[in-house]
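Working notes, beginning with the structure itself.
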Amino acid sequence: MADPGKMEEGLGSAKVVREEEDVENMGKKEDKLVEEQRQGQEQEQEQQPLVKQKTKRVATLDAFRGLTIVLMILVDDAGGAYARVDHSPWNGCTLADFVMPFFLFIVGVAIALALKKIPKVKDAIRKICLRTLKLLFWGVLLQGGYSHAPNDLVYGVDMKQIRWCGILQRIALVYLIVALIETLTTKLRPTVLKPGYSSIFTAYRWQWLGGFVAFVIYMVTTYSLYVPDWSFDVTTDDETTRYTVKCGMRGHLGPACNAVGYVDREVWGINHLYADPVWQRLKACTHSSPSAGPFREDAPSWCRAPFEPEGLLSSISAILSGTIGIHYGHVLIHFKGHSERLKQWVSMALGLLIVAIILHFTDGEASDIRCSRDHILSILHPGMNAMLIYVLGAQAILPAFVNGWYYESTNNTLVFWIQKHIFNNVWHSVRLRTLLYVIFAEIVFYGVLSGILHKLGIYWKL
């Protein structure tokens with residue numbers, strides 16, 4: 001006969017084992033349920049469309065971009081009245097000559113911020129190429145000769161005369177090269193910098209190498225390429241005159257025989273270059289210098305020739321401006337304190353200034369300005385919608401649209417009425433009324449417009 005105590009003990013042990021097994025099975029069921037729920041959520045997320053998270057904007061970059069847009073409108077529309085504001089006819093540096101380097105600098109900073117994390121290189125390259133094509137398309141459409149805004153209410157361009165180069169085309173080239181280097185070297189750069197001032201330069205050495213190669217290509221071509229004699233035709237009142245420019249030299253840096261113009265004439269064709277270059281305001285070309293005026297009787301033949309200010313060779317050298325911008329963007333990413341950033345930025349700017357003095361060339365850089373968002377609000381909004389303001393304002397598409405609604409005569413439009421009754425009839429000085437019109441009817445107007453678009457959440461990005 002079995003001992004009742006032992007039987008009770010055995011039953012108790014079996015009960016404990018069963019309870020442990022039940023707990024273990026329940027735990028397994030719970031784990032399985034959690035895993036199924038997780039897989040279901042993952043499948044749900046894969047099926048749902050990806051929602052792009054709102055990226056945090058850098059207010060100072062938007063403000064600087066807005067200032068550059070304002071500066072472009074100012075020099076384009078008031079430069080005719082103030083020659084010192086307009087582009088330098090050849091050598092020298094005026095306010096207008098800062099616009100393009102500023103744009104390229106901004107492009108470089110923006111690339112560094114946008115590409116600091118690249119999940120898939122192939123997708124990034126595809127987006128870079130697509131954006132480059134968009135910039136090229138809008139550049140040719142706006143500056144190729146198709147648009148005759150704002151005064152002429154006609155559209156269309158003779159393909160034999162279309163201009164292939166321009167502002168957006170140069171930005172597209174610089175963006176493409178700088179962004180591709182940043183993307184293709186993403187696995188070669190460290191996430192954390194080593195101690196030392198030069199560590200940021202060594203970490204991004206491939207970016208600097210790309211800028212240096214572009215600079216070397218420009219310098220070697222400029223001083224070593226042989227420029228032969230060349231000819232061009234000028235048609236006025238159904239009469240065509242042919243002019244010949246005598247060159248036969250290398251390393252010439254003047255308007256007539258430089259390698260930059262020769263490359264563009266060979267690559268694009270002389271009929272596809274900018275027809276009214278600023279060198280027409282040189283003393284050798286007009287007695288009205290530095291303003292525009294009729295040609296001198298003894299003006300050299302090249303004064304009447306076309307020249308491309310945003311040509312191929314000079315756009316290659318502009319890659320260096322984008323490289324400098326991306327360096328400043330890298331500093332913004334890796335250094336969190338304002339004092340550390342300023343130390344890097346100011347030292348870099350001083351180094352560039354020394355090089356500029358040596359090369360007898362004036363340049364400028366942007367610095368970190370600490371101010372509240374409210375204080376820079378008026379210049380922040382145009383920078384947040386820079387492409388739209390560039391198209392509507394700098395390329396005069398909006399005034400052209402308004403001029404399309406005229407009464408009896410094409411000179412009787414709202415734009416012309418404002419110019420005549422609010423500015424021309426009130427301010428008798430041509431220079432003053434031109435400046436006031438540009439400030440209040442253009443810059444302030446587009447600032448308010450961009451602010452309204454910001455409130456409505458409307459932005460145009462390529």
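Note that the numbers count up from 1, one per residue, in the order the chain is shown.
The backbone N, Cα and C atoms fix where each Cβ goes, and this holds for glycine too.
Record features, source TrEMBL:
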- 1-52: region 'Disordered' (REGION)
- 25-41: compositional bias 'Basic and acidic residues' (COMPBIAS)
- 57-186: domain 'Heparan-alpha-glucosaminide N-acetyltransferase catalytic' (DOMAIN)
- 58-75: transmembrane segment (TRANSMEM)
- 95-116: transmembrane segment (TRANSMEM)
- 128-147: transmembrane segment (TRANSMEM)
- 167-185: transmembrane segment (TRANSMEM)
- 206-226: transmembrane segment (TRANSMEM)
- 345-362: transmembrane segment (TRANSMEM)
- 383-407: transmembrane segment (TRANSMEM)
- 434-453: transmembrane segment (TRANSMEM)
Spatial neighbours of the transmembrane segment (206-226) far in sequence, C-beta under 8 Å, 6+ residues away: 177-178, 181-182, 185, 188, 248-251, 253, 258-260, 262-263, 313-314, 316-317, 319-320, 322-324, 326-327
Of 58-75, 95-116, 128-147, 383-407, whichever stretch has the most CB pairs under 8 A to the transmembrane segment (167-185): 128-147
Beyond the flanks of the transmembrane segment (434-453) by 6 or more, those residues with Cβ under 8 Å of it: 66, 69-70, 73-74, 77-78, 80-82, 377-379, 381-382, 384-385, 388-389, 392-393, 418-419, 422-423, 427, 459
Contact yes or no, the transmembrane segment (58-75) and the transmembrane segment (128-147), 3+ Cβ pairs under 8 Å, gap 6+: no
Within the domain 'Heparan-alpha-glucosaminide N-acetyltransferase catalytic' (57-186), residues counted as helix, strand or coil by DSSP: 81 helix, 2 strand, 47 coil
Contact set, same chain, for the transmembrane segment (128-147): CB under 8 Å, 6 or more residues outside the stretch: 155-158, 161-164, 166-169, 171-172, 175-176, 179-180, 183, 391, 395, 397, 400, 462
